[in-house]
Amino acid sequence: MNVTVIGLGYVGLTTAAALAELGHCVVGVDIDNVKIEKLNRGDVPVWEPELAPLIAKNRQAQRLAFTTDVHNAASQADVILVAVGTPAGPEGKPDLTQLERAVSDLTDCLPSDALLIIKSTVPVGTTDQIATRLQRDVVHNPEFLRQGSAVHDFFHPDRIVIGCESKWAAGRMCRLYQGITAPMIVCDRRSAEMIKYTANAFLAMKISYINMIADLCESLDANVEDVARGIGADHRIGHAFLQAGAGYGGSCFPKDTQALLYMGAQTGCSLPLVESADQINQLRPRRLVTKAERALGTLSGKRVALLGLTYKPQTDDVRSAPSIAVSRMLLEKGAEVHAYDPRARRFPVQQVAISPDVDTAVRDVDAVMILTEWDEFRHMDWKRLLPTLRCPVIIDGRNLYRLEEMRELGTTYPLHYLSVGRPEVNTWR
């Protein structure tokens, strides 16, 4: 089929390339001229494992092209997917400006037999409103791609959710995803919209739950990793999303939990579990900063190195990353902040000095704070690095290192190692 994908962020670009790989002829559309020029030169504007070669392969096979001309792209399409951003606005209300513009641009150029699919995460009822406005069948098909494994997730999904109101639309969706083996959950549009928010809020609650338990473990001298291993062995709970740490970030969990709370407030429905998950997460950066302050006595005039700026590994995305709140708190307390990340782009806190490598970032600092679990950080040679620090303080916000490993290190070098939900290692003072 001829497919048009509107909006070429992480989701749209991955979707466009993957659909081309399935054999469709795909045109990706974006209003950003610079982005389209880069893509047409073979320069992928986002870093996502496996994505660049997938784009190159399908451009060479002439199954994938990019343009800013939405009218020309849409007028020849059998299927049009809208994957524009819906960022959080005031009080968590999703900002639908980009979606409204995309729909308006399509109004005069939609072929009568084309299927319009909304992939953007939107408040419940939005797709119904678009269908009424356009007087045509519209599908809501939420995405469940994880940054860092988006290409793999597209081809190996746990499920494909299709929110539609006709057998014709469901049939065309089956053709679109032909070649992918996964359960297809066909439901009404409102339920499909709700599935996306509910899934992300549940995962966010699971992360906040284990972080809450981690705080209690610190007070009771228990080890949250042992606790997580013990409860995760129960198949009803599972091990996923039970890693205590600095909290969640990114473009989905913070935005979607807040949007769910907004929808609850608008309908008079209280969502205390979701609200607590959001509140717990917002407190995680402060807890790490407090650990550093307690270890050093004061942060005023201290130099702190942040290792990891992205909200998780295998992405260049820093949106809502814990590093943003942590760096701002450190600066407010008078600290000098240095940072290193192998992939982060456009870090919004300008006062942070970005270093080209780990060695430069940690040299002569009073504390090192690990905020992203990049493999590079897992395998650092602390026997070599510790002597280059002014003070041997490590705040491990991702529990990268085994306590036994740190205890052994502390027998050779002065060390104050603080992690999340686990006993401290202190041979410094």
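Heads up, the Cβ atoms here are built off N, Cα and C, so glycines get one too.
Curation does not apply to TrEMBL; its annotations are automatic.
DSSP classifies Cys252 (active site, nucleophile) as coil under the three-state reduction. TrEMBL lists Cys252 with the feature active site, nucleophile.
As annotated by TrEMBL, NAD(+) binding site applies to Asp30, Lys35, Thr86, Thr121, Lys255, Arg319. Sequence-distant neighbours of Arg319 (NAD(+) binding site) (same chain, 6+ apart, CB under 8 A from its CB) are Gly249, Gly250, Ser251, Tyr311.
Feature annotation from TrEMBL assigns substrate binding site to Lys196, Phe241, Leu242, Gln243, Ala244, Gly245, Gly249, Lys312. Sequence-distant contacts of Ala244 (substrate binding site), defined by Cβ-Cβ distance under 8 angstroms and a gap of at least six in the same chain, are Ile210, Asn211, Ile213, Ala214, Val224, Glu225, Ala228, Asn399, Val420, Gly421.
Annotated domain 'UDP-glucose/GDP-mannose dehydrogenase C-terminal' per TrEMBL: 305-403, in sequence order.
Distance between Cα atoms for Gly245 (substrate binding site) and Cys252 (active site, nucleophile): 18 Å, as a whole number. Inclusion criterion for the recorded positions Lys35, Cys252, Lys255: a C-alpha placed within 10 angstroms of the C-alpha of Gln243 (substrate binding site); this criterion is met by none of them. Checking each of the recorded positions (Lys196, Phe241, Cys252, Lys312) against Thr121 (NAD(+) binding site), the C-alpha distance stays within 10 Å for Lys196, Cys252.
Taken together, the residues in the domain 'UDP-glucose/GDP-mannose dehydrogenase C-terminal' (305-403) have a mean pLDDT of 98 on the 0 to 100 scale.
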